[in-house]
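As structure tokens, the structure follows; a few thoughts come after it.
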Amino acid sequence: MSRMLEKDLNTMRRRVTSVANHFLHVPLVENVVPSIGSWNCSSSMNDNYHKIHGEVASHEPVWRLIPCDESGKEFTDIIYEKAVGEPIAKITINRPDRRNAFRPHTIKELIRAFNDARDDGSVGVIILTGKGTKAFCSGGDQALRSKDGYADFESFGRLNVLDLQVQIRRLPKPVIAMVAGYAVGGGHILHMVCDLTIAADNAIFGQTGPKVGSFDAGYGSSIMSRLVGPKKAREMWFLTRFYTASEAEKMGLVNTVVPLDKLEPETIKWCREILRNSPTAIRVLKSALNAVDDGHAGLQGLGGDATLIFYGTEEGNEGKNAYNERLDPSFKSSFQGSSTGSGMGLTFTKLFSRLFAKKEMRILMVGLDAAGKTTILYKLKLGEIVTTIPTIGFNVETVEYKNISFTVWDVGGQDKIRPLWRHYFQNTQGLIFVVDSNDRDRVVEARDELHRMLNEDELRDAVLLVFANKQDLPNAMNAAEITDKLGLHSLRQRHWYIQSTCATSGEGLYEGLDWLSNNIANKA
């Protein structure tokens with residue numbers, strides 16, 4: 001027992017020392033915004049979340065320069081800094097005379113800095129940015145491009161940036177791209193592989209590859225298609241147009257756009273909001289979100305995170321300690337559970353049941369006529385576009401998705417049929433309300449019908465998924481506009497979610513089903 005305690009104490013000492021190394025003497029400044037722990041929430045705050053948890057601190061961080069890596073190699077193409085007393089690292093591409101275009105030497109320094117931030121237990125979030133306000137990164141330095149890739153004074157030609165892209169995706173910590181000016185070509189791909197992007201209002205996004213005889217058929221294509229949809233991704237690559245920050249935000253390329261002088265303060269605010277959440281949860285969520293697109297490598301990352309969590313359980317320690325002490329392990333408590341039924345075995349039983357057991361869910365899909373309900377139903381059922389006519393009465397189909405069997409009732413939306421909707425309310429677990437995002441004239445009518453339904457007693461426990469359909473049309477309202485016009489924020493006692501969709505391409509439909517299945521399962 002004493003040996004184990006001593007080992008734990010040594011581990012704790014190392015962690016404390018690691019954090020303490022980041023604290024420098026900083027003169028006290030009057031009127032500095034208090035830390036989150038001492039924040040006095042104003043009674044005028046409207047956001048309930050911040051009323052409970054408090055706003056994050058808004059003071060400017062004090063940055064400590066890291067001039068070289070642990071081997072003593074000095075950084076020349078990047079600036080690497082860590083915030084004093086805060087778990088934030090900032091990596092800046094420092095080639096403003098080349099619009100922060102990267103060369104192999106730049107990529108190697110970026111990789112070394114990211115490795116250091118990954119291994120530093122006192123760093124929780126990493127910011128990637130470019131020096132100055134004219135460019136985040138303009139991609140690979142074309143002056144150094146050869147038939148073998150990119151070469152400089154210390155290397156053979158190859159595509160070094162591919163290693164950096166994979167590294168950012170596999171990092172167990174969130175990486176936020178802080179973008180001012182141009183993020184084009186390989187620089188555009190760098191911001192896309194980051195977990196979040198905060199853009200200044202002067203930011204410009206786009207792909208230049210086909211103009212200069214280049215392309216990215218890896219992350220630069222697949223992730224872009226995920227972010228903006230297949231059609232928009234083709235537009236960006238085939239036409240090589242540039243897009244403003246507001247256009248990028250609308251298509252889902254960036255998370256938010258702020259004035260240039262607010263770019264770093266807003267990015268720091270996002271970092272601090274992330275840092276008050278569970279780092280283990282964030283780590284596993286990042287792996288899970290990447291696993292679908294990263295194939296076996298993504299599954300390996302997610303599986304590795306699960307293994308690390310397991311190592312910290314009683315069951316994991318029992319096996320390790322028994323081996324070290326040459327004893328037979330006793331795993332009985334793991335599968336028998338406690339008298340309260342809260343043992344680890346029961347937890348895993350519930351987990352595997354949730355993952356693999358076939359579930360059936362009753363879903364009602366309604367909306368005004370011509371919103372695209374039947375097109376959605378048969379796109380989910382058959383995976384193809386079906387020519388439809390207005391539904392008189394109903395269609396009912398079983399849709400299989402993952403381990404769930406959805407029985408979907410598609411009920412006609414003509415005004416004379418709507419009073420009959422209530423006959424389908426009984427036993428409904430989830431309600432899909434489809435809105436024609438291009439039909440501005442009837443959005444108030446849609447809102448009235450939705451709220452009339454939700455006031456019915458039989459739907460009081462049903463979760464609500466709103467499909468903001470027909471997003472491919474040029475004048476379509478975005479999800480935020482529809483949220484306001486439908487009055488969704490007033491539904492304080494209802495689990496609801498809005499998903500932008502295009503029924504003809506299938507974009508957004510399965511993301512909506514994911515949310516629906518998870519939330520119905522959580523209520524079960």
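Heads up, the Cβ atoms here are built off N, Cα and C, so glycines get one too.
Residues or ranges marked as GTP binding site by TrEMBL: GLY367, LEU368, ASP369, ALA370, ALA371, GLY372, LYS373, THR374, GLY413, ASN469, LYS470, GLN471, ASP472. ASP472 (GTP binding site) is surrounded by 17 other CB atoms, counting those within 10 A of its CB over all protein chains shown.
Per TrEMBL, the feature Mg(2+) binding site maps to THR374, THR391. Classification of THR374 (Mg(2+) binding site) by DSSP places it within a helix.
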Local Cβ density at LYS373 (GTP binding site) - other Cβ atoms counted within 10 Å: 27
Intrachain C-beta neighbours of LYS470 (GTP binding site), sequence separation six or more, cut-off 8 angstroms: GLY372, ASP436, SER437, ASN438, ALA476, CYS502, ALA503
Residue among the binding-site residues ASP369, ALA371 whose Cβ has the most other Cβ atoms within 10 Å: ALA371
